[in-house]
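Database features (TrEMBL):
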type    : residues                                        : note
BINDING : 17, 176, 177, 216, 217, 218, 219, 220, 221, 222 : ATP binding site
BINDING : 57, 144, 156                                    : substrate binding site
DOMAIN  : 279-358                                         : domain 'PUA'
Ligand SMILES: Nc1ncnc2c1ncn2[C@@H]1O[C@H](COP(=O)(O)OP(=O)(O)O)[C@@H](O)[C@H]1O
Ligand SMILES: N[C@@H](CCC(=O)OP(=O)(O)O)C(=O)O
């Protein structure tokens, strides 16, 4: 077994994400045999003492048959109706399938907003941790019935990566209908398996195509999810659901994304990956150098403009002089207070406006530098 894959075999907390295409039939019903085969593998690993969170797609795909639909609907309301019907069918199947091994299942439906708001984020974290302590297998999906187009994950790959941050997982396993990442469309002759990814340089020139028949996102969202997880020190394996057992055993199968070794605190991971800026602060080049280069706090003197309607404590994006977002931070002032502070030193602000204005616009502990893939 390759040394790196050992991390997957020995991980004591794992997130496993499985896609719609691996769980449902072309008729829009649950593929009972494939669900049971996956459950066999997960129950065996669970029995060995590993805590597992299962992020399962398939609600929409499993709701199609019962509603007499022959393909994934285009409109959101019908997708949500299908998800509502399918999610019940899916969890019922997991519940009875895991019951064969005496394993209890707990349904957890999350929205993008739950991940974005710090209080809800903590709440989800507490619930998942408690379920794991109780020996329950949480089955997570996006809460499709209430998600709207604007505030939707849309794909569970990113959700699974965020859940791996949330529960401080030691590995993330992405199971799909394709056995690995290929350097081009795997349905075309000549495509070659990529066995390992060390960083973005290994993906240069790789064609990341769209999804198959029922999935969403295709390889693009899987590679993004892998980057989010590996950036937090979590190794990722991507392979076919049929190879789940080998992947969990650390076999040289699928594609292994090496962790990059950094373990930022969950708060900064949350800020980088689970929030969106509620506004923008435009920085001059000196402020970019101070904040990004020297990891200093952001002072009003280096800010040239403010956009958006945010409140103190909200996440805001920090842009360089050419408009590129370089960092995100939790701002200490309301949007309306900022214009009169711009370009002025904290000393001057304190003497004219009062000592409470001597504080940074954003403290350095509340700033996360965003890498280009964000
Ligand atoms: N470079 C690539 N390597 C592997 N698969 C790819 C690639 N580009 C596109 N794909 C397609 O991505 C699909 C998997 O994504 P998706 O349909 O979203 O799956 P899931 O439902 O498992 O999330 C595969 O069926 C495959 O055809
Ligand atoms: N939340 C949706 C799944 C969206 C999704 O990511 O699907 P997939 O690409 O199959 O993992 C559902 O349950 O149908």
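We number each residue from 1, going along the chain as drawn.
Cβ coordinates are placed from backbone N, Cα and C, and glycine is handled just like the others.
Summary for the binding-site residues 144, 177: the Cβ-based neighbour count within 10 Å is maximal at 144.
For the domain 'PUA' (279-358), residue counts in helix, strand and coil come to 30 helix, 23 strand, 27 coil, using DSSP. Within 10 Å of the Cα of residue 57 (substrate binding site), the following binding-site residues from the list 17, 177, 221 place their own Cα: 17. Within 10 Å of the C-beta of residue 221 (ATP binding site) there are 24 other C-beta atoms, taking all protein chains into account. Using a 10 Å Cα-Cα cut-off from residue 156 (substrate binding site), the binding-site residues that qualify among 17, 177, 219, 221 are 17, 221.
When the Cα atoms are compared, residue 17 (ATP binding site) and residue 144 (substrate binding site) turn out to be 16 Å apart. Between the alpha carbons (Cα) of residue 219 (ATP binding site) and residue 144 (substrate binding site) lies a span of roughly 21 Å.
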